[in-house]
Each structure stands twice: as structure tokens, then as C-alpha cells.
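Have a look at the structure below, then the notes.
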Amino acid sequence: MLEFTKMQGAGNDFIVFDGMARTLPEYGLLARAVCSRRFGIGADGILVARASDDADLAMVYYNADGSRAAMCGNGMRCFAKFARENGLTAKNVFTVETPDGVKKVRTAVSGEGVVTRVTVDMGRPVFLPYELPVLLPGERIADRPLEAAGRRLRVTCVRVGVPHTVIFVPALSRAEVETVGPAVERHPAFPSGTNVDFVEVTGRDRLKIATWERGAGHTLACGTGCCAAAVAARTGGRVIGDRVRLDTEGGPLQVGFLPDGSVRLTGGAETICTGVLSPGLLCRRPRP
Ligand SMILES: N[C@H](CCC[C@H](N)C(=O)O)C(=O)O
């Protein structure tokens, strides 16, 4: 009997498993089987709750394609709701170990014990030069746009636990996300791949964002991507102030900037359903 909970944060959906006291199947295989939209439950990734020596809990995240990633912002909000509501912790403010370090989460809990909102301390984003295969003598990375899908793109690369490539556009376009997104994700400049965020500036403290995720394709929102976009926009003088609202395709999220250079992600998380996996699911041939 393998129980699961399906959750979503801003439309970024996950299958969550409690791995505190039980051994689960290999996570990559599990992710591919349950995330398949037609042959599985359907999700962008899986989250597994584990015990931790360094924090109150540990979160393991795998993308829909079975690859592992160090951090997931929307996933962390869902994880926090799952952990608090299922008694994995009794605290409203607690710490979660990830491969990107220990994150502090704050949950807003209603009188009925329902978590309505979660804030995650995401740490300090790091600006990265993208790794061009060949740079001519004296040439700076900023001099050369990234060439992908027949386009010359100005990009800002930011790591928020996971790599993000931010592209500012005059207006978001679904077609652009689906053509430029995969070409940038697998561009030779990014040997380990990258998430790709298309960002439109809609106000002095407001951005609109669409994301193509490494290992999951087009998703309705990406929490680490919102942090990357907000930091890139603020550093480039495109937004001002201490917080930015991001309108993702799955709803609004908020990113706050702290004096030490770290960022905070706030938003909702919802439970869709709980259930039990069919025992045969993991034995079937993996399908899309
Ligand atoms: N959706 C996630 C990010 C997953 C990152 C993953 N796609 C990768 O880096 O491989 C978020 O809300 O931050």
C-alpha cells in the first residue's frame, strides 16, 4: 500500500510521499511512473518527506522525467503544508533540509489546522556567467548573446538552488516558451541543463512570468524561477522596492528581498486528493 497526496502550488503540481518511516521504490522510477499525465496520476514532480539529522525534516524532489533537482520553491510550500497537516511536525515555523541547504519555512495555520499560506526563506541567489564553449581572447560573456532556436537572446543566469536562465520579453508568448524554452534548456552553454524563465515587466513592483522547466517542460509556475526573475529584474533596475508580485500562469506569488541579499517566497498551496498507488504501476514500462 503506497499512499500518495497530490498537491499544487500556483498550478505547479506534485505527488507527495511520506518516506519518514518506510522504504519507497527508487525515486526516479517512481517519479516517471506517477507523473505521467495519461499513464500515471500526472504531475510536474514528486516530493518525498524524509527524516533529517540537521533540520526538522528533509525534502527530496524529483522532476517528472525522473531527474533529481536540489530545490523546488513551489514544492517546498506544498511540502510544508503536507508536513504540518499530517503531523510530521507540530511547529508552524520549521526547517527543511534540501541538497541546497537547510530552508526555514513559516506556515500560516487556520483555527482548523489548515495551512493557508507558506513563506520560504530561499537563500541568496547567485548570478552565473553562462558557460560558453569558446570565448575569444578579450571577449566578455555579456558581449555575446546566447544563440538558440534561431534567435540571439540576451539572458541573465541566476542560480536559486537550481539553475535559471531569465529572458526579458516585451510580451509573453506561449509559442516562444515552447520553442525557445527547450532549445535553451539543452543549449551546450548549460552542460547540466537550465530552467528557462520568460519575464514581462508589468509595473514597478510587478512581473508576469512563464517558465519552461528542466526535466518537466512547460509548467504553470516555478517558485525558484520567480525568485530568479525578481532578482534579475531588481538588479537590472526594472523593478524597485522590497517585494515583487509575480503573476504566474497558475496564480500570483510574492518574492521579498532581505537586506542580506537573500529572498523569501510566499504563496499558497493546496491539496487536490489522496490515494493509494496501484501495485502494478511501477512494473509497467515507463511511458510519457
Ligand atoms: N518547479 C520548481 C523548480 C524545479 C526545478 C527543476 N525543474 C530543475 O531545476 O531541474 C520550483 O517551483 O522552484
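Cβ coordinates come from backbone N, Cα and C, glycine included.
Note that the structure is predicted; figures quoted are calculated from it, not measured.
According to TrEMBL:
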type     : residues                                                           : note
BINDING  : Asn12, Asn63, Gly73, Asn74, Asn195, Glu213, Arg214, Gly223, Thr224 : substrate binding site
ACT_SITE : Cys72                                                              : active site, proton donor
ACT_SITE : Cys72                                                              : active site
ACT_SITE : Cys222                                                             : active site, proton acceptor
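Structural mapping of features recorded in TrEMBL.
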residue : record                       : Cβ within 10 Å
Asn12   : substrate binding site       : 32
Cys72   : active site, proton donor    : 29
Gly73   : substrate binding site       : 28
Asn195  : substrate binding site       : 27
Arg214  : substrate binding site       : 26
Cys222  : active site, proton acceptor : 35
Thr224  : substrate binding site       : 32
Quiz item: If one measures from the C-alpha of Asn195 (substrate binding site) to the C-alpha of the residue listed as 'active site, proton acceptor', what distance in angstrom results, rounded to a whole number?
Solution: 9
Self-check item: Candidate nearest the residue listed as 'active site, proton donor' in space, where candidates are the recorded positions Asn12, Arg214, Cys222 and distance is Cα-Cα
Solution: Cys222
Quiz prompt | Distance [Cα-Cα, Å, rounded] between the residue listed as 'active site, proton acceptor' and Arg214 (substrate binding site) | solution = 11
Quiz prompt | Where Gly73 (substrate binding site) sits in the secondary structure, as DSSP reduces it to three classes | solution = helix
